[in-house]
Amino acid sequence: MDEEENSEINSVQARNEDVQLEDQSQSQGLQDRQVDAIEQAWNDAMPDEPSPPAEYAFQDPLAIVGEGGDAPEAMVEDVLQDDTVSEGSHPSSDMSLESPGSEDDSDVQGLPNWMIPQNRLRSAVDMMVSQARNRDGGIAALLSGDNFLQRVRSMVFSQERRRSRTSEETSQEEAAEEPDDPPPQQPPLPPIDIGFDTNLPAEHSYFGNHLSRVPGVDYLEVGSVHHMLIFLHHHILFPGEVLPFMIDGQMFDDDMPGLDGLIFGVSFPRLQPPEDNPHKLYGVTCQIYERGESGRGLVFYKSRALQRIVINCDDIKGSPQYIARNPTNKCFSKVKILPEYFLPEPLQSVDMGSMARFRDIPSMRDKYRRFQLSTTTWPSDACQEYSFASIVERARQRLESQKIDTMPKCPIQLSFWLVRNLHLTEKMMRLTFLTDSVNTRLQLIKSTFKDETLFFCRYCNSSLALCSDLFAMSKHGVQTQYCNPEGYIHETNTVYRVISHAIGYSGEPSTKFSWFPGYQWHIILCKFCAQHVGWEFKAVLPNLTPNVFFGLSGSSVRIGKASEYSPFNGTTYVVRNMLRMISSDME
């Protein structure tokens, strides 16, 4: 009897084990089919064809205007979305960064073949998730399957290896065919006149017409120490720049004596102090010259940077706050006014007596200069190297295409103005700000005249635009500070065009609070990392030129040399965003 019972129990257990094995086999088969579905969608979306050559490819809105005046179509609709991006997460963008994924495949052929068409990938993921939810264990069982995420990563990196291999083969073929050819250059811009009043952005008319003037422009004595209200700022300001901001009026009203404009300090934590003074903060004094009510309990202010200052951190009383983040606490400190030393040109220091009158006669200037050189022990190259006039002329030639006609004549003001309009690297900006010698500052600027620079995304290092495509939509130059309705201050760089496939769009275009009257703005994102990098401005009024241009946010881009350019810089971030998107859809 016992033997019969044992055999019965064993047969039942064997049947149960067979059922479990069959279920596991079906479950594993479903997981394999789901992963195969992703792989098939991936392979369908990413055909095996040569990568595009590493050359500058630009969209040119000016050419479109010339062909009929129609506005250009959106370059990219299917922006790679970051699951951390949500409304309000980017106060700098003025709008929500959420935008629906594109279901249109019409632009897939226009994308680089190593990028991820989001609509196809999402459809595969949605199918896989919907199937997993109907099975025992749901999404958790799918994620805990054998090497599921490892297989997805392997799929991604196999495509990356193929992209790298085809890219190297293409580069080798091009090098073998044309070994002596120089690297490809960007297509030249057609000549265009600015059909826009550049005084309007400089007046910051988006604040409204109810601002009142605050008289008083006070330059403080060099080397003097003053006790004043201080703030922090995420951009480096140079004397002469306008800083618009929106803040609680109680921060200033008690400190504003009568009708005299208030002077306060703005320091820059990004500006690293010299190694011998690690406990110093550098900044500028700013003076308010206009104010007006915003109607929301805040006050609009316009201020102008006047002089460089240095702050000893031990003298700060309170906790300094960023001026762009609606500070609520006052912070005071002692500040010291830094000097600006300028030595005249070597030949102008030579006393030529009565012959000096020939210096100002245009027809005699060259002869007079040659005569001066013959009477000095300095070689002509040394005199030319430190010639203020030669630096001004070379800067004028370099900025000729940017339609700027407001170059100051004072050497001190000119040195700061050139830093803002020539777009130096962060290292060079630091050096030019910290030096007290105007001559040294001009020499540093001169050393960058031959450099070709680009705008790179600060988050993923992908290329966005050429600095040679900068132009002035404001009388203050190509770089201007603007304030959005939330009080966030943007350092905006205006360019004619951006590199093709470098950006996507978010949200809907709007004309509200436009920094350029007559233009609508539309948020643009980096195509690779989906971070906010600026705005597209498109004319909504007739007879405005250019019809389309772009404003790059200084907090989202950096300046780098053209030698850093690579059309594949953002690949790592594409992979990261894809894996994050899969994980978020499965939760």
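For all residues, glycine too, the Cβ spot is worked out from N, Cα and C.
Per Swiss-Prot, these features apply:
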type: REGION; residues: 1-113; note: region 'Disordered'
type: COMPBIAS; residues: 22-31; note: compositional bias 'Polar residues'
type: COMPBIAS; residues: 75-85; note: compositional bias 'Acidic residues'
type: COMPBIAS; residues: 86-96; note: compositional bias 'Polar residues'
type: REGION; residues: 158-195; note: region 'Disordered'
type: COMPBIAS; residues: 159-168; note: compositional bias 'Basic and acidic residues'
type: COMPBIAS; residues: 170-181; note: compositional bias 'Acidic residues'
type: COMPBIAS; residues: 182-191; note: compositional bias 'Pro residues'
type: DOMAIN; residues: 227-453; note: domain 'Lon N-terminal'
type: DOMAIN; residues: 452-561; note: domain 'CULT'
type: BINDING; residues: C457, C460, C526, C529; note: Zn(2+) binding site
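When DSSP labels each residue, the domain 'CULT' (452-561) comes out as 3 helix, 61 strand, 46 coil, counted as helix, strand and coil in that order. Scoring each of the binding-site residues (C457, C460, C529) by how many neighbouring Cβ atoms lie within 10 Å, the top position goes to C457. Across all of the domain 'CULT' (452-561), the predicted model scores a mean pLDDT of 87. All protein chains shown were included, and the count of other CB atoms within 10 Å of the CB of C526 (Zn(2+) binding site) stands at 27.
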